[in-house]
Amino acid sequence: MHMESLMEKPMLVAGNWKMNGLKAALAEVEAIARAADSAPSRVEVAIAPPFTLVSLAKDAAEGSRLRIGGQDCHANPSGAHTGCIAAPMLADLGCDFVIVGHSERRTDNGETDAIVKAKAAAAIGAGLRAIICVGETEAERDAGRHLDVVGTQLEGSLPDADPASIVIAYEPVWAIGTGRTPLAGDVDEMHNAIRARLVARYGEDGRRILILYGGSVKPSNAAELFAVPEVGGALVGGASLKAADFLPIIAAA
């Protein structure tokens, strides 16, 4: 990709705080919000704090370009689901997006593609963007099945909804929190395969869906990952918890 076209590429750099963060972390939110305002207009910055901090983070980011979202939502808009959060609740707090189908949810909570699809549909129905996560295990990659596995996940998780409200995050399971990242060529191969399926499903609208990379994204590798043509940003885990780590990743976009 020529540098000129890279400089024009729309990007979303989103931080997933997972089960981390007490009220003291709001100072990090404020620092990230300042960085979001300094980023080029084509670069969108977002974080998904734990639900306990969503409202406080929204207040801390008030007036800035930083977007706040949720880490998960239930497929139903309300009901007898103790401990669960519905998409309309996130929207009611001013959230912009919600992550669905993260590999930790798929593994720890047994979420199937059908459940992820229903959650994505619920999110979009509530006016949120859905960041739909897909990714293969190390065994699946070693067996040469990574493209088929991710393709099947993607097809099963995409809702019948406006593609303008869909973001895809490719997160190889073996790279999440391990410090390992795939080679740029492997990321390029997978993102091209995902793009082809999105275009087959949505036509030309499928070309505008952002495909994020996630899995041990850090300041030292962000620029190389963002240079891959079909990488439209990152879903960042541990490195998004501290502004000192997250800001260089934003700057690399």
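Cβ atoms here come from the backbone N, Cα and C positions, even for glycine.
Unlike curated entries, TrEMBL annotations are predicted automatically.
Feature list (source: TrEMBL):
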type	residues	note
BINDING	ASN16, TRP17, LYS18, GLY177, SER216, GLY237, GLY238	substrate binding site
ACT_SITE	HIS102	active site, electrophile
ACT_SITE	GLU171	active site, proton acceptor
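Note: the Cα of GLU171 (active site, proton acceptor) and the Cα of the residue listed as 'active site, electrophile' are spaced 8 Å from each other.
Cβ neighbours of TRP17 (substrate binding site) (same chain, under 8 Å, six or more residues apart in sequence): ALA25, ILE47, ALA48, PRO49, PRO50, LEU53, GLN71, SER240, LEU241. Around LYS18 (substrate binding site), taking its Cβ as the centre, 18 other Cβ atoms fall within 10 Å, counting all chains. Same-chain neighbours of the substrate site beyond ASN16, TRP17, LYS18, GLY177, SER216, GLY237, GLY238, judged by a C-beta within 8 angstroms of the site's C-beta center, are, in sequence order, ILE176, VAL236, ALA239, SER240, LEU241. Within 10 Å of the C-beta atom of SER216 (substrate binding site) sit 20 other C-beta atoms, taking all shown protein chains into account. Cβ neighbour count within 10 Å across all protein chains ranks GLY237 highest among the binding-site residues GLY177, GLY237, GLY238.
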